[in-house]
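Copied from TrEMBL, the annotated features are:
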COMPBIAS  11-22  compositional bias 'Polar residues'
COMPBIAS  110-131  compositional bias 'Low complexity'
COMPBIAS  454-463  compositional bias 'Polar residues'
COMPBIAS  529-539  compositional bias 'Low complexity'
COMPBIAS  546-557  compositional bias 'Polar residues'
REGION    1-24  region 'Disordered'
REGION    109-132  region 'Disordered'
REGION    441-463  region 'Disordered'
REGION    524-557  region 'Disordered'
REPEAT    336-377  repeat 'WD'
């Protein structure tokens, strides 16, 4: 039964992914309704006993045109590429894939000639990986790559089919993180990190061509933990890094690899003398892979993210600190501590001016790279914040005429099963924080502290806000009284299970829960947006975006 007054829907639970009573099928925002379009999940009955021991993450991957036939694809040693970041793949989603007829079961625009039973059979096939391939399969389209238990699943984003089109099984370990490079020139464009510490790079197109459920043509790094035997926690291609990538581990170390290098050389690094200090060590030999080790912190690095230009690398960890590094200089730029507990996730704005973090204090922190400190706290979650992202496709209703962003839209998800959307107008938040010291103007420090080592800020908590923080400084947790608070624009319970991530695309917002269920929420149509904007924009201008306490929202359940 559907209650039209509040959009609530209650239907029988006929599958593990069925819409549960009390969950809404739309998200109401000032620009209109985001409607639940379809869902993606894993095939029932194909999961290992370890289901639930790992958290599902999702990566958006766009495959471009198939390379020319002369391009080598069989040998993993022949692949070279220039790199991008997985978040950039969303830019290519604008063109739908429905017009293409591809000869692959469930592929983008496929003809549905194969039965559902045949598709599931191919997922569970035990045939050798080289027994059946479709080398003519173009693969052009947009895909969702997500891990559940001991498997990687690949779904066609533009198909309403709930089940994946491909399954890759790992026999000895569980995949926990992955990243896609849409700008790879040839070959390997997908990275997969395991909880054993092992890392693989593969060609996504080659995996889709193969009907087996094992990796094909893979390059193996850190085999059997030869370099580091702690869990992989996060993985990322280096933008413009010519095939280089970074792997973060649960012991506080990051390693930089080059995908076109073999791993046969000496991969040992010096013993870390001081576990509390940031340090960088380079490989002893030019043929070694990894080529460098960064010791970032004690305890786990939970997430890493590059700015869109690749200049800066942000990390968040078990110790509760955000750290931002100048990647090329291998130096700490700034950072600071959460209000409480570990930080779990981070994300950059497309212009590189702001960083979002979320963690165990239930807060969404907004960091300014210009001021090198927290400029706002978002209060609205009732449990740990597990995913944050800026919506780079959302258009601000107001503009200052200079072309610069004056308002940002971002989203967050948490273990409270909620998706929160936020609007951030920087004039309302940043300007009041830039207070001048008595008798003068704010001082802007330049250069790193003597010796180049990071230092921890001292002094009163309130003085944290008086000036731009010096370079190379890790700030303590600020007083809750000193940080402006923002309230969510909307808050909706969108899954029955705790959420683990979200992705914005030009047409939709994707949410994923820890158990491997993905929902695709379509953005408001143009006509609906115009109608909604005419009714809500004028009133939203009068609504304060900054408050001292969490404001209630009529959209929150």
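Cβ atoms are placed via backbone N, Cα and C, with glycine included.
No curator has checked TrEMBL annotations; they are predicted automatically.
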Q: Compute the average pLDDT of the predicted model within the repeat 'WD' (336-377).
A: 96
Q: Using a Cβ cut-off of under 8 Å, list the residues of the same chain at least 6 residues beyond the repeat 'WD' (336-377) that approach it.
A: 87, 302-309, 311-312, 314-322, 324, 383-390, 392, 405, 408, 410, 412, 414, 420, 422, 424, 426, 429-430, 433-434, 464-465, 468-471, 473-478, 480, 483-486, 501, 546
Q: Work out, from DSSP, the number of helix, strand and coil residues along the repeat 'WD' (336-377).
A: 0 helix, 25 strand, 17 coil
